[in-house]
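Take a look at the structure below.
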Amino acid sequence: MNVGVKVREISTGSIGVIEKGNNQNGFFVNFGSRKNWKRNNEVEVIQNTIDNSNGKQSTTPKPIAQQQQQQQPPPQQSQQQPPQPLKPIPATRPVPTIPKVQSEDPGPRFGNFTLPTTNSSTKYSTLPSRQFFEVSSSPGDENGTFKRSAAPPPPSSLSSNQNGSNLNKVQSPSRPSIPSFEPPTQQPTQPLQKSPRNVPIVPKRTNPSPPSPPLQSPQPTPQQQPPPLKPIPQPQQQQQQQQQQQQQQQQQQQQQQQQQQQQQQPPPLKPIPQPQQSQPTQPIKSQIQIPITNTNGNTNGHSSLVEKSPRNNESTATTATTKDMWNIDYKELKFVGNEIGSGKYGSVSLGYWLGTPVAIKKLHENNEETEILVQRELQILKEIRHPQIVQFLGVSRNEKDEIHIITEFMDGGDLFDALIFGDIPLTWKEKLRISLDIAQSCRFLHARGILHRDLKSQNILLSTNRRAKLCDLGLARMFEERINKRYTCVGTEIWMAPEVCLDQSYSTAVDVFSFGIVLVEIITEKIPDERFPQHRFQFDAPAFLKKVPKECPPDFSKLCVDCTKYNPKERPSFIKVLDTIQNIYDSLPDDDEENYD
């Protein structure tokens, strides 16, 4: 190897210059971005920058591999077979790289990148040699690449030529030789001619030949023709098939359910033959049934009590039985004694219905207003079932078309008579128990969107064990608090809330105010004071506190004042009322008499 020889690395195409070094070989290749070549790689000499015309040879020490190669005798070659020349390397023009000055790094580098180093070697200078600058400044072609050297001579002349201008292969002394990376020569392939079915593919001839007629594929006979393939079902067809299968399954299930229902259903009764009438007659009022529906609105006229059944095979007798569920035959009622009470819309009498004691409420008038109230009360009572609300049993009409409402009988009378005219006074434990029953019934109604609007002591009935139940829901109505509406002034003025008397919009707070007036009756055992419009029907709390007995629990009287506040938003809800009364009731000692809890 000569110093200053320009070489190319075969594997990467990088251009470098051989320079003198202090390593084992005595020289190294400077590629600009790195020094020395990769291990087990080969370089190609492409230009010698030193003029050897005077016959002077470089005194650069040769690598050990090259010395061993010179000492060994040349291999014996056959005289009959001349040496084959080397194939030229494909004309690939390497891209010139800008040399960079850096310290020697004998280790391998991949990708032509370097790492910054701070310590420089003290063996020799880190500046590039003169030969490197001559190679980097040598002129190139128009594209800026170096000119390619002439083709290398045959291998026989490699041993005689020592100037480094021919191709030299330098191998690492410690590693075996690497096979040549030259791409193999490929002969141009010729396109194959497409052949018809059942005919082997034959390549075209290279020699020129006269044009031959095109090959014709043999027509298959009917016996040789393959059977037609079934069309692959498309996704839409699969979906349609699945839908059809699902529909068939649903139809089968429906048929099975119908068969089971027919087996379980008893045979229909034959309708009783009715005598034919020549002319239609109008129904008698006593035979008209009061409509009771599950809707919130009022029904006028003589509509059906129950909606039509979805079954088409339902008998007439079954439908008539369903319609008569809330209608009681007047002949089944038996009145006992005189009236036991009266109200604004009717009087109450004691009676028996099929041997059961009941309360029969007879309405005074039978007009449109009464009809609306009856329908409203029946609609509400029919859907309400609560231990602290009087149970509704049905409705009946007599021959005079008088409406009678039948409910359960409460043998203790109403709360007003027990407080004002009662012979046996109520203990504070019983008063709190009655107040708790009233609050529970009102809480139940409000949870279902129902206002009573006429809560007073006359509409609270007692049993013999001093338990209270709420009755007379004729003025109750369904409400929706989100709708700010003005309602008509109804109820009794002493127990009515100020917003109802002033014809303002109201909500559940009106029942809380009426409950507070009932607490005034329970605490004082007197009729509440009248409220006047000049004071905007406001409750006089100081006057009430003067009438409170000393035995009354303080929290009980305070709850009464809170429930009767003028501002509806300041009144407590029935949930809080229940908690307060329950705490007061638990704090009191038990009565000496029998505990009816």
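Placement of Cβ uses the backbone N, Cα and C atoms for every residue, glycine included.
Since this is a predicted model, take the numbers as computed values, not measurements.
If you look up Swiss-Prot, you'll see 49-320 marked as region 'Disordered'. Look at Swiss-Prot and you will find 49-61, 114-140 tagged as compositional bias 'Polar residues'. The compositional bias 'Pro residues' annotation in Swiss-Prot covers 72-97, 208-234, 265-274. As annotated by Swiss-Prot, compositional bias 'Low complexity' applies to 157-168, 235-264, 275-301. Positions annotated as domain 'Protein kinase' by Swiss-Prot, on the basis of sequence analysis: 334-585. Per Swiss-Prot, ATP binding site is recorded for I340, G341, S342, G343, K344, Y345, G346, S347, V348, K361, and the stated evidence type is sequence analysis. The active site, proton acceptor annotation in Swiss-Prot covers D454.
Shown on the structure are the features that Swiss-Prot records.
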residue : record           : Cβ contacts under 8 Å, 6 or more apart
I340    : ATP binding site : V348, S349, L350, A359, G413
S342    : ATP binding site : V348
G346    : ATP binding site : K361, K362, L363, H364, I405
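The local packing around V348 (ATP binding site), expressed as other Cβ atoms within 10 Å of its Cβ over all shown chains, amounts to 21.
Cβ neighbour count for D454 (active site, proton acceptor): 22 (other Cβ atoms within 10 Å of its Cβ, all protein chains included). When averaged over the domain 'Protein kinase' (334-585), pLDDT in the model lands at 83. Look at the residue listed as 'active site, proton acceptor': DSSP puts it in coil.
Residues in the compositional bias 'Low complexity' (235-264) partition by DSSP class (helix H, G, I; strand E, B; coil) as 30 helix, 0 strand, 0 coil.
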